[in-house]
Amino acid sequence: MRVTLALVALCLASVAALPEKQQRIVGGSVTTIEQWPSGSALLYSWNLVTYSQACGGAILNTRSILSAAHCFIGDAANRWRIRTGSTWANSGGVVHNTALIIIHPSYNTRTLDNDIAILRSATTIAQNNQARPASIAGANYNLADNQAVWAIGWGATCPGCAGSEQLRHIQIWTVNQNTCRSRYLEVGGTITDNMLCSGWLDVGGRDQCQGDSGGPLFHNNVVVGVCSWGQSCALARYPGVNARVSRFTAWIQANA
C-alpha cells in the first residue's frame, strides 16, 4: 500500500507511517483489464492460507512484475502471489506463486528513495488480451511538467476506505519537481530525483491511495512511474509520489 506521511501534533515534523498490507484510486472510475492488460494485483497473506490484494504491479515479461519495494520489505516470497489477466482484485485471471522478490539495493526505508522492486513468478505468465507486458520508460524518456498520465489500481477510493474490487483508473498530471519538493519540505518529506510527482495540484480529489502501491503510472501507454507514497491521498497541496521509472531502466532490464 502507499505509505503516507502523518503530521506530528503542533509541529511540521512528519513520519512515514508504514501501512498495513493493504492500499485505491481516488476520484477515478471503473475500467477493465483489457484496457490495461499489463496491470496485476499482488496478493498478500498473513497466514499462508488466505491471500488478498494488497499492492499492484505491471507485467514486464513472461516471468516478472514491476512494483514498489516498500510493499515487500521483510517478507518471504511465499507471502505474495500474483494475479494477472483479471479486472477483479480477488477473483478471475491466473494466480501465480512468487518465486523471488528483488528489492532495489539502494532502497531507503526512511525516505522511500529507490522504491522499486521486481517479483519473479514461479510459473510462466501467458500473454493474451488480458495479460501483456508493459512498455517502460527508457533512461532518456522526456516527461514534461503538466503532462496527462493515468494511474490504475484496486486501492482505496478515499483515505481510510476499503479497496476497490474492480480495477479503477484516473487521469492526473505530472507536477514540477521543484514545486513538489518545496511542498513536501513543509511536512518533512524528501523528494529526490528518483521520484516523480503526479496529481491535480491545488485542486485535489484525484490520486492513488492505499492499496495502489506498486501500481503503474502511464504516459502515452508507457510506464513512467510506480506508486510509492504521499501525504494522505488526493490533497490539493500535496501530489502523489512515484518512483521515476526512467531512473531505473537499466536495473529493471537487468533483473526482469
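Glycine too: its Cβ is placed from the backbone N, Cα and C atoms.
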Checklist entry - CYS209 has a disulfide partner in Swiss-Prot; which of CYS161, CYS180, CYS233 is it? => result CYS233
Checklist outcome for this item: Going by Swiss-Prot, the cysteine from CYS161, CYS197 that pairs with CYS180 in a disulfide is CYS197
Checklist entry - When the Cα of SER213 (active site, charge relay system) is compared with the Cα of each of the disulfide-bonded residues CYS71, CYS197, CYS233, which one is closest? => result CYS71
Checklist entry - Using C-alpha atoms, which one of the recorded positions CYS55, ASP115, CYS180, CYS197 comes nearest to HIS70 (active site, charge relay system)? => result ASP115
Checklist entry - By a simple count, how many Cβ atoms lie within 10 Å of the Cβ of HIS70 (active site, charge relay system), its own Cβ left out? => result 25
Checklist entry - If you draw a 10 Å sphere around the Cβ of CYS233 (disulfide bond), how many other Cβ atoms fall inside it, taking every protein chain shown into account? => result 30
Next on the checklist: Between the Cα atoms of CYS209 (disulfide bond) and CYS55 (disulfide bond), what distance do you get, rounded to the nearest Å?
Outcome noted: 11
Item to check | Cα distance (Å, whole number) from CYS71 (disulfide bond) to ASP115 (active site, charge relay system) | outcome: 9
